[in-house]
Amino acid sequence: MNPYAKLITSLSLLLGTTITISSNHWMMAWTGLEINTLAIIPLISKSHHPRAVEAAIKYFLVQAAASALILFSSMTNAWITGQWDITQLNHPTSTLLLTAAISMKLGLVPFHFWFPEVLQGSSLTTALLLSTVMKFPPLSLLFLTSQSLNPALLTIMAIASAALGGWMGLNQTQIRKILAFSSISHLGWMTIIIIYNPKLTLLTFYLYTLVTATVFLALNTTKTTNLSMVMTSWTKTPMLNATLMLTLLSLAGLPPLTGFLPKWLIIQELTKQEMTLAATIITMLSLLGLFFYLRLAYHSTITLSPNSTNHMKQWHIDKPTNTLVAILTSLSISLLPLSPMILTTI
């Protein structure tokens, strides 16, 4: 891709995200979302492979429909209440339309169908952007309107997302699809708590972004896209694969690692809100996700490929991303002891 084109798309992504998260008027938020959508499409289709072009078209159609729904929702609300302020979303129909639109943008169940396909058609770096940066503007809109949303609807959608994300990821061999279903499952955890403690949703998103970025960058270093390639990459980069195993277990939310913190806090908050049943169901459903994370961890470190390659092991890879991966991995597996300090910020 042309460096100037890459610079323009990156700056547009930054501009669109900044406009949406800093606006209090619906039209400005919608403009930011549109800039974001148009900026990511060249990054999805840059390989010119039929699969990538198909992914770009799917992404454009879904995001265009979601943006139209957001516009319709905000105009309906402005027509009835006379308010264009994002926090003043008071009309029930507008709230319902907005929930559907944001769910389409994020890939929440039942509007999740496009997300695994688009991720599978993208490169690993673009998939990282789609899983993290592109989720931030819609999530910030959900954050700003959280006091107006329907708790029962969001709880049902959250539990369905956690269930489907875990269930559909079980049988996958493509890593990008596994991480797409992982993203859907994590979105369920973020959505279930957004009405009761919106700041906790943001904390969960930040930690999810940190751990997911580590996984994607580690996979990108070894150019790994499916389970069989994970098995052979062990012979090339043993140290990176060992830390990848810990990062995957952190993404699963196992206790001594960073990923346990948001799940622990969400379960605690749900119990305080007397939603013990919802907390129990979503915790049990996270075990489905744990299974495929364990399978990935097993393939990355414990299993050697039958036809092991004979070249020397690369204990050091001369790549500029190495330092970044090392820092992100350290944060992904060791932030839990700092939880008292993190809790003071929310």
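Cβ atoms here come from the backbone N, Cα and C positions, even for glycine.
Marked as domain 'NADH:quinone oxidoreductase/Mrp antiporter transmembrane' by TrEMBL: 23-288. Annotated transmembrane segment per TrEMBL: 56-75, 95-115, 152-171, 178-196, 202-219, 239-257, 277-298, 323-343, in sequence order. What TrEMBL lists as domain 'NADH dehydrogenase subunit 2 C-terminal' is 290-343.
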Quiz item: Per the definition of 3+ C-beta pairs under 8 A with sequence separation of 6 or more, do the transmembrane segment (277-298) and the transmembrane segment (56-75) touch?
Solution: no
Self-check item: Proximity verdict for the transmembrane segment (178-196) and the transmembrane segment (95-115), three or more C-beta pairs under 8 Å
Solution: yes
